[in-house]
Amino acid sequence: MKVERVLLKDYTTLGVGGPAELWTVETREELKRATEAPYRVLGNGSNLLVLDEGVPERVIRLAGEFQTYDLKGWVGAGTLLPLLVQEAARAGLSGLEGLLGIPAQVGGAVKMNAGTRFGEMADALEAVEVFHDGAFHVYCPEELGFGYRKSHLPPGGIVTRVRLKLKERPKEEILRRMAEVDRARKGQPKRKSAGCAFKNPPGQSAGRLIDERGLKGLRVGDAMISLEHGNFIVNLGQARAKDVLELVRRVQEELPLELEWEVWP
């Protein structure tokens, strides 16, 4: 187990965030020890806005045994989702194609039910192991209340591993599906971002609504509504959380959109 003081801007895809004590755990016993004081869990740092003052709690990151995987068995929650998508395709296993391009670890993808219009994480789950109240518990997906970009994990629960529901299919068919998903994601920005900023209202596109209001390019400090896709806030270099939050506020003055990101603290 490694404990160090860090700036969380170096661990988030938006490149924003203040100081914290980072606990990198590699075994189940280390995880038990790390959770003996108040904590938060950090995955790949996407879909997350950390405030400039940082967080007082321990920040736990899963490594070691939590990054091992077997596509036909248990998959560690610290495994990168893009890696799994590619490995499944190579093995001729279908079920993850709709998650192509999501820069998450498995645990974070489960917690927020990450997805695209082509599919959600919950669709690919057979079982989920969650650590809470000092023990490891296995749940079926139906017990975790998955919905649009959300789940209902037990309070303080940490996803530790999952079993995937994959089907054998011809590789050519899987690759065609992945190419379709990739084409749909081409308009997304290449600059630092935390992913889609706002949840899509029922039957509508948040990005399209933002575009129609002429908000693309709106900027506060180095935080800007992407010119490429209205539902992305990008970091032009030195953005701070306060800049991002002010930008969010200005968008929400114009449109009744719900922020999709988690905000710490």
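Note: Cβ is positioned from N, Cα and C throughout, glycine not excepted.
Annotated features, as they stand in Swiss-Prot:
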type: DOMAIN; residues: 15-169; note: domain 'FAD-binding PCMH-type'
type: ACT_SITE; residues: Arg149; note: active site
type: REGION; residues: 182-203; note: region 'Disordered'
type: ACT_SITE; residues: Cys196; note: active site, proton donor
Nonlocal neighbours by CB distance (under 8 Å) for Arg149 (active site), same chain, sequence gap 6 or more | Met112, Asn113, Ala114, Gly115, Lys199, Glu260
If you count Cβ atoms within 10 Å of the Cβ of Cys196 (active site, proton donor), leaving out that atom itself, what do you get?
-> 20
